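Student: Structure incoming, see below.
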Amino acid sequence: MRVIDGGVTAPKGFKANGYKEGKFGVAIIISEKDAVGAGTFTTNKVVAHPVVLSRELIKNRDKFRAIVANSGNANCFTKDGMEDAKEMQRLVAELFNINEDEVLVASTGVIGRKMDMNIIKDRINKVYNLIKEGNSSINAAKAIMTTDTKPKEIAVEFEVNGKTVRVGGIAKGAGMIAPNMLHATMLCFITTDIEIDKESLTNILQKVVDKTFNNISVDGDTSTNDTVFVLANGLSGVNYEECGEEFENALLYVCRELAKMIVKDGEGATKFMEVVVKGAKTEEDAVKASKAIVNSLLVKTAVFGGDPNWGRIVAAVGYSGADFNPEVVDVILSNYKDEVYLVKDGIPLADEGTEELKKAEEIMKSDEIKIVVDLKMGEFENVCYGCDLSYEYVRINAEYTT
């Protein structure tokens with residue numbers, strides 16, 4: 001497997017482009033033939049209208065031709081939101097001469113504001129004309145940005161019996177990131193030219209989302225609009241049964257890299273952190289403990305301040321609900337070059353005036369840090385990704401709708 005250019009347009013038979021002016025943008029991804037579709041969505045009880053619409057579409061049909069997404073308005077908690085989401089479907093279907101039910105819809109932006117459909121129609125028409133002229137995955141990625149500071153895209157390919165399979169993706173997200181998608185707003189659209197059935201694609205996607213997007217945190221909020229779509233059009237000529245493990249690894253890589261990009265672009269973020277909890281008695285314990293650490297506001301602010309306050313880490317594990325014996329735990333801090341034990345076998349090492357504390361303080365100056373907690377209770381492990389919480393985060397969100 002190798003990384004290539006092209007994002008969602010790298011796989012055969014996919015076109016994409018986007019247009020944004022001011023706060024309002026639209027991206028469209030289109031497949032030249034029917035593509036098997038799968039998706040996962042927010043578990044927030046307040047659900048945006050495009051999520052309701054697309055969730056039903058995914059539930060009731062197997063194949064799709066297009067994805068349309070707008071930025072600047074979440075189309076959530078509004079009187080005419082469902083009609084507006086369906087109008088987006090209709091506009092795209094009419095331009096590309098496909099059925100309305102073949103169009104999946106997503107939105108991101110401010111909650112509770114009515115969509116200005118004149119703006120949406122203008123943007124959709126502009127993107128249609130751009131797609132006729134050429135492909136631009138990066139333009140599509142830029143069009144769905146809200147508080148993001150940079151577009152997020154990636155693509156990979158691998159060989160199977162002389163044929164090439166490609167997987168590409170774009171994503172957006174910088175705030176309201178603590179996805180929990182069983183079936184900033186976090187949007188991710190993935191394309192692939194592998195041939196695969198809906199059941200297999202759905203199962204693989206859920207497994208991958210659990211390992212990636214459901215393990216990231218910027219601010220601990222779960223959006224009303226979180227969505228991941230995958231379209232697979234089969235144009236590589238390679239069936240999933242020929243390369244199951246390779247395809248899963250490719251999809252996992254794409255989603256993990258996009259998840260990391262989202263975290264690194266977290267609103268006001270200055271530092272990236274990887275949290276590994278290992279030695280847990282159960283998988284559930286590993287997940288609980290790692291998420292408690294990565295979501296802890298006290299841990300996030302300590303990371304921002306460069307403070308190796310390991311007490312906040314063990315406190316988070318303690319309230320996580322995971323089975324945990326403080327008398328045996330290890331806590332290790334690293335910057336991927338140097339590492340230091342903050343706690344070993346339940347004994348604090350990074351105490352006032354120690355070499356361990358000095359080393360920890362140097363490590364905390366790095367832009368990327370890794371926290372490893374070994375519970376020594378079993379064999380299970382989970383990895384989460386997060387970022388610090390800065391003054392800038394407060395400013396961005398205090399001024400979001402103004």
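Yeah, the Cβs are placed from backbone N, Cα and C, and that goes for glycine too.
OK, Swiss-Prot features for this one:
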- THR146, LYS172, THR185, GLU267, ASN397, THR402: substrate binding site (BINDING)
- THR185: active site, nucleophile (ACT_SITE)
Student: Could you tell me which of these binding-site residues, THR146, ASN397, has the greatest number of Cβ atoms within 10 Å of its own Cβ?
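Tutor: Counting every other Cβ within 10 Å of each candidate, the maximum falls on THR146.
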Student: Using DSSP and collapsing to three states, where does THR146 (substrate binding site) fall: helix, strand or coil?
Tutor: coil
Student: DSSP secondary structure for GLU267 (substrate binding site), reduced to helix/strand/coil, please.
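Tutor: DSSP call for GLU267 (substrate binding site): coil, neither helix nor strand.
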Student: Taking the binding-site residues one at a time (LYS172, GLU267), which has its Cβ surrounded by the most other Cβ atoms within 10 Å?
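Tutor: Per the Cβ count, the most surrounded site is LYS172.
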